[in-house]
Every structure is written in structure tokens, then in C-alpha cells.
Amino acid sequence: MSTSLLKLTGITRRFTNGEQDVTVLKDINLTINQGEMVAIVGASGSGKSTLMNILGCLDKPSAGDYQVAGRAVGKLDNDQLAELRREHFGFIFQRYHLLGDLTALGNVEVPAIYAGKSRLARRQRAADLLTRLGLENRLHYRPSQLSGGQQQRVSIARALMNAGGIILADEPTGALDTHSGNEVLSILRDLHRQGNTVVIVTHDMTIAEHAQRVIELRDGEVIADRQTRPEEATASSPEAASSPATSALNQFKDRFIDAFKMALLAMNAQRMRTFLTMLGIIIGIASVVSVVALGKGSQEQVLANINSMGTSTLEIFPGKGFGDMDASAIQTLRASDIQPLTQQPYVHSVTPSVSTSVTMRYGNIAVSASISGVGEQFFTVRGYTLERGVLFPRSSVDELTQDAVIDKNTRDKLFPHGEDPIGQVILVGSLPVRIIGVVSKNQGGFGSDENLNVWVPYTTVMKRMVGQSYLKSITVRVKDNVDMSIAEQRITDLLMQRHGTKDFFIMNTDSIRQMIEKTTTTLTLLVSMIALISLLVGGIGVMNIMLVSVTERTREIGVRMAVGARTSDIMQQFLIEAVLVCLFGGIAGVALSLAIGVLFAQLSSNFAMIYSSSSIIAAFLCSSLIGIIFGFFPARRAARMEPIHALERE
């Protein structure tokens, strides 16, 4: 006794055309048993293709009940319908519907990917099926390299891949010559003898007569249902596709790899369009990374300038602030303030400063130079490095010695032929001084680093050069791990107690550092926000192109759904493509930014862009996130398509 496999009861299908409803199928009642070979025949517009689409779960009836192997179809969601197509149906289309970027072997494997078969098992079965159909020498040919008959054989092999047992053939010979058409019909008869249920949809009664049973449709109604010949002896059930079970993780991995490969193929097929789409991401990422690197570089440069003044230092000046017109008349900042400051527990070192500009002579060389009177701790406070000789000690300050320390600029100017300056006597104004040491040039200090600097004990400058008893400034270096603001307040209290009034002001280099860090961070953030606009524009471009890609590949979407792709599979495929476009754009953008940094370093010797791993990682994450956000809507649009509408899309 035959087993009912496909059962339709009262099936009606209506379509809305503008304001008018068109009924394509009218109260169809059919039962197709397991192992039957049935032909559904009718003229164009009879509803035969619509009936096949409902049979294959590619379309849903407007009314009535449809069961597949006793399972009601009407209440199933899209993923359950996809599962039904994977497990029970194989489709043979008139126009083959092969994926052009895949080989014959790859096309046949597609249903097994969505069925969760292992890679080795599906590759072996696909090769076996193609070999049985006479394509053993065409396994790695693409559809464009195959004849129509060969493409249809690949389509048949794909239909058999999951061994669902039900073959739905829509005009399988319609696009073939007579010889190829007869070969396809012969294959279908062989499949029937092997126990497969074969349903052929055709308008040609000659083709229909090859079936055991012919169902005629006219204007959406069954007008005839007859046996053409007695039932042949067939296998009780079709050959099963045996394959080892795979874990859910491996199934997901295989589907992901397939989606990844298809994304790469799609990008490669439209290389120029892909590049132009990436361009917005490339420019955006390069802009953001470069701006951050530029901001970091400028911040480090400015902080280096501050450090050149001495780390953790407080500068004490007479007056109420820079630009105070009365500052020159204030003479209360004196050498006697140094000792009390030095004795404070939070103070590391103290150096006074008094300076003047004079003409400096050595032999027949005369130059203008800045003469600074400083204490013995000046070089420690400022962080200068001794290149040669010695620094003057405390005794030089006490004894008003005429010892001098010069910088490398002064050495190069006064001793251009490489003479050793140590022990040489130079004339500073009218005061002869003996050079005892050379310190390295101050890198990154405020002002020009080409100045000629000479340092002598401040007592010598005050008594023997400028004839004044007050100081221009005092620099205090605070010990490490001491809060600068607290130290500033303590020094303020101490000097106010000594002077009786606040006739001085203090420049806190730590406050300047914090202010500059905050300012550069704000500016970097501001410019980065501007650069992010280009990323946003690039993301919109990605979304636009992905929408175009979805439209162009609508038929591919339909084919994948027909062979069992889930909604998540379709969405994943297009989402991966969008993410890859943005990720590759991000990589190219970072590379472009690094190239800009190299070029910038060649053009600027004393300033460099500083890249951080965090900004580069953030760039990759940002580009991937853009791919996900702007790729989501096109991917969702693709995943929401109805299989039949996608297949019919030109």
C-alpha cells in the first residue's frame, strides 16, 4: 500500500494585483504518494508553477491545508520551512539557478552545508553524485564553462545532495535541446526507480507522458488526474545520504566558512566597486588614527618642553603675574630666601636665577649671549646632562668664583675647530671667566634651542656684573610623590611670612602640564569627531552598496533558501561581507596612517606622530562595528525575502 507523502486539501492561492485579487489556484485537493512519478501539466497561467512552489514550501497557500509526511506546513515559521526543504525536497529549475562563483562541486555541496554535514562527507557525496551523472571530468568547472545539459545535471546532483526523497522539477527540459532533454528525463526515471518521488511541472504533454501519473491544470483547477501506465517496481525508499554526525559548533563553523568564502568571491567579482566602497572607510580610519597620533605627538612635544624646565618644579617670580608693570620695581626676592626653601621637607633642590645679555669674546670671536647666574643645584633642577668637565660646587657660589659652564651651542660657536674648551678663559662683558664644564643642549625647551648660554654662580653675576641684590626668579624642585599643589601652597605661605605680603607669583609646571594635556586631549577629540563624520559617510556608502548587492544577488538568495538556508544563514552571509569590506578598509586605513607617519617623520626632524596600539585596535573595532551597524539593514532585508519572490526576480 502506498504511503501518502504530500497531501493538499482545499488549497487556494490568491495574489493582489493593485486593488484586484487574482485567484491562481482554486480549491486544489491532491495526494501524492511516496515513490510516485507525477507530471503536473498545463498551459501558461494555469497555476502549475504556483502549485509546485507550494509543494516545495517555497510559497504558502492563501487557504487550505498542506501536509508533508504528515506534518502540517501552515503553522511553520521560515526556519522550520527551511528545515523541511532541507530534509525532504530537491529542486531542479528550468534555468538551473547555479551559483556562478562556485564550481560544479561547490554548487552541489551547498544543501549539505546547511544540513550540517561534515566537509569531508559532503565533498565525497557531491563528487559521487556528479560522477554518477557523467560529470567526473567537470567537478571543478564553473557554470559558465558547462553546457546547458551539464548545468542541468549539476542541478540534479544538487537536488539529490541531501537525499530528501522528493524531486521537484520545474520544466527540467525547457532550456535544453532534444538530446539533452531526453538525457535529463532518463535520469529522472532512474531516480524514480531508485525510490525517489518525482514531480515534473511542464506544459508539454509529451514530457508529461513519461510519468506514471498526469495531473492537468486549467485556470487554477485540476481538470484531470490519471494514470498513464501501471506502477513500476521501484525501491522502497531512495538511497540515504550517510554521513557522520557533526556537532553544532562544527555546523556553525562550516556555514560561517562558506559565508566567508562567498563574501570574498562577491568582493572579488566587483573589485572596483568594493575598493570605492572601502575608500570612505579608509579615509575615515586613516584620519582618526592620524589625528590621534598627531595629537599624542604634539602633546608629548609640549610636555617635553615643560620637562626641559625641570620636572616637578615651581618657578617663583616677583610681581602679581606675567606682564605685571610693577614687577621690575619689586626687589624682595632675594638670596636669603633660598636657605629656608631648601630646608623644607618636601623640597628636593633650589636654585636662584639672575640673568643678563652681554657680548661674549674669545680670541677674535665676539657673539651675543645670555648669561645666567644660578646656584649649584641648577643643573639638577633643570635636568641638564654634563658632557665634559665639572659643574661648579657650592663653594663657587660662596666665593663668587669666576667659573662658567657653557652649552654645546656656545662651545661650537667659540671653538669651531674642535678645541677643548675646558680651562679656557672667555670674556663675558668685561668679566673674564674660566670654562669648567660643558652640558648637553636642552632638547625641546621653550624658545629657540639655538641660543648661546653661559652659566656662572649667581653671586658672581649679582656682585660683579649687574650690581643688584635681588633675584629674577627662584626655581624649586619638589620631591617625587609630593602633591605639587600642596607644595605650592606651603611655599606661598612661607614666602608671605618672610616678605610680609604676597609680592610674588608661582608658576606650577605640573598645572601647566595638566592644562596642556587637557587641552590637547580636547582638541584631539574635537578633530577626531570631525574625522568620524567621514567614517559615518563611509558607513552609509557601505550600506548603499550592500543594498545594491542584495538586489543583484536576489536570485542567489532564493536558491540558497530553496536548498535549505535559514534566515540566520542569509543574514550572516551579507553581514560578513559588510564587515569584511569595513575591516579591510580599516586595515588599509591604518596602513595609510602609518605611511603618513613615516612621511611626516621624514619632513619633520624634531616632531613625530606617536601611534598607540589602543588607537589602532580601536580603529579595527570601529571599522568592524560600522560593518555590523550599516550591514545589518541590508542583511536583514535579504533574510526577510520570500524564497519564491527571490527566485522569480530578474
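Glycine too: its Cβ is placed from the backbone N, Cα and C atoms.
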Fill in the blank from the handout: Expected hit for region 'Disordered' in Swiss-Prot across 227-246, 407-426 is 227-246
Practice task
Around the recorded ATP site, report the further residues of that chain (criterion: Cβ within 8 Å of the mean position of the Cβ atoms of G42, A43, S44, G45, S46, G47, K48, S49; site residues excluded), sequence-ordered.
Solution key: H203, L217, R218
Exercise for the section: Report, as a single number, how many Cβ atoms besides its own are within 10 Å of the Cβ of S49 (ATP binding site). Expected result: 22
Completion exercise
Sequence-ordered list of residues in the chain of A43 (ATP binding site) that lie 6 or more positions away and have a Cβ within less than 8 Å of its Cβ, or none, is H203, R218
Fill in the blank from the handout: Model confidence for the domain 'ABC transporter' (6-244), as mean pLDDT, reads 87
Handout entry: Stretch among 275-295, 580-600, 615-635 sharing the most Cβ pairs under 8 Å with the transmembrane segment (523-543)
Key = 275-295
Practice task
List the same-chain residues at least 6 positions away in sequence whose Cβ sits under 8 Å from the Cβ of G47 (ATP binding site), in sequence order, or say none.
Solution key: R13, V24, L25, L217, D219, G220
Practice task
By Cβ count within 10 Å, point out the most packed of the binding-site residues listed: S44, S46.
Solution key: S46
Problem - Least surrounded among the binding-site residues, given as G42, G45, when other CB atoms within 10 Å are counted - result: G45
